[in-house]
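Here's what Swiss-Prot has on this protein:
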ACT_SITE  CYS2  active site, nucleophile
ACT_SITE  LYS600  active site, for Fru-6P isomerization activity
DOMAIN    2-219  domain 'Glutamine amidotransferase type-2'
DOMAIN    285-424  domain 'SIS 1'
DOMAIN    457-595  domain 'SIS 2'
Amino acid sequence: MCGIVGVVGSKNATDILMQGLEKLEYRGYDSAGIFVNGQETAAKLVKSVGRIADLRGKLGIDVSGTAGIGHTRWATHGKPTEDNAHPHTSTSGRFILVHNGVIENFVELKNEFLMNDTFKGQTDTEIAVHLIAKFAEEEGLSTLEAFKKALSLIQGSYAFALMDSEDAEVIYVAKNKSPLLIGLGEGYNMVCSDAMAMIRETSEFMEIHDKELVVLTKDNVTVMDYEGNVLSRESYTAELDLSDIGKGTYPFYMLKEIDEQPAVMRKLIATYANEDGTMKVDQDIIKGIQEADRIYIIAAGTSYHAGFGAKMMLESLTNTPVELGLASEWGYDMPLLSQKPFFIFLSQSGETADSRQVLVKVNELGLPSLTVTNVPGSTLSREATYTMLIGAGPEIAVASTKAYTGQIATLAFLAKAVGEAEGEVKAKEFDLVKELSLVAQSIEATLSEKDEIAAIVADLLPTTRNAFYIGRKQDYYVAMEASLKLKEISYIQCEGFAAGELKHGTISLIEKGTPVLALISNNEEVAAHTRGNVMETVARGASAITIVEEGVAREDDTIVVNQVHPYLSAISMVIPTQLIAYYASMQRGLDVDKPRNLAKAVTVE
């Protein structure tokens, strides 16, 4: 949600800012803007509602400079308008600010300090830049001291990048509970919400921790706390490749990322299994879980759905009870914990604000934790006790695909490793390397049937406004994820239900032509019951689509998926549903990668 990019010391600041904003599009936004300045060029501020392409269209040839900041906004305070778009300026125009996060006490700050100020928009960010200007222009503080004073008063989550038009080649940066990263170059330095926006310019990065302030010039990066104490900070090299963030010949990133899933499975085998089939999982993680009397999995959105599959495997292979919690609810109401809990946080980005809120509480209690994420160096990765990386490569499409399947596969390695360490027979007999290799083959088989799936979508989901996924056991978990994918990118109102709950209310919503998509994996008894539920909906006019594992398939089933181990069926069974969502969106002429109102990384609570 929202993206920040800034550069100082570059001869082509405008180009770098625009390319950076384009790389941040995946985070979700509704407006964008840049401010560019330089010692020998006039300052220029340009903002636009809509796509980055709209902003680029407003840029003139005179928008150039050696320093600047840019922003993609996802509206939280105020509608998507040019007045509410960032960067925001002080009344005099001297100070320019971009911000990601939520200032919780902006009303109080406005009432106490800025009652006589006039504001152009309705954002909390505009309050912040006016506050900085007040302390600098009315109290005579330096820009740095004015910024520090404002930061001491602001409550909430934020990532700030500030410029003073009177000092053209300095950027002031601060963060709290919102991601921000420094990029290091030769004769220039950068700041950005994540590394992908800077990877064309640098592979050398520096982390910023919460409640730290950074002063950037073209030759220096000074990190300090809010009291002004200078801090030492090591840089690191990011392992990102430009080819990872391109679409290649694909029309949308989502289809590319769906196709990458067999490779993700095989890469995870190489990462977490030795050649003899033994597990390569950190022994400290294994020991931490062995010492626990209960595992708590905390996640949101798609990662929450992946958590269901992880719960099933961990309980079965380790004989340890597992609870799954929604991060957004646990942040407000953490339940009574067991005597020796172990926490697992699932997050594609590693920046999910709700999950971090829970992790902060977990750390305050001194409890062990593991983050399973796709982004090394992310906030959740840094702040948890341990990290396991999915290694799926950048996921650009807002709708998560390969991160979901990668999370389940990664946690399969963890579950097997812990189970083996505990002497569990099931874990020893579970040949994960072989079974995950079969999953990769199953995915490839499904991907070879794209045209058939596209035709099914064109036949049954062309104009529908409502649809339902149903399933039992692990198929129910997949149904929830499948319904989320369909609704978020096709805008079809879709819900995923436990098939056995249909008669408890949901069946009243079935009418003639309502698509009901049933997931049926390889268990004869469960399959029979789910088929019975399908017939109940058909009797009431539903149009049924069955997605079935081959071991329980019939001639009239719609899509048949290769049979895999029950622990891993959530991976293979979800692939057809990802393609269904993709084609439903594409056939409606929608932007598959950037659905309306959604953000890739949810960095505000």
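Yeah, the Cβs are placed from backbone N, Cα and C, and that goes for glycine too.
Quick caveat, the model's predicted, so the values are computed rather than measured.
Secondary structure at CYS2 (active site, nucleophile), as computed by DSSP, is coil.
Averaged over the domain 'SIS 2' (457-595), the predicted model reaches a pLDDT of 93. When DSSP labels each residue, the domain 'SIS 2' (457-595) comes out as 71 helix, 28 strand, 40 coil, counted as helix, strand and coil in that order.
When DSSP labels each residue, the domain 'SIS 1' (285-424) comes out as 65 helix, 27 strand, 48 coil, counted as helix, strand and coil in that order.
The number of other Cβ atoms within 10 Å of the Cβ belonging to CYS2 (active site, nucleophile), over all protein chains shown, comes to 27.
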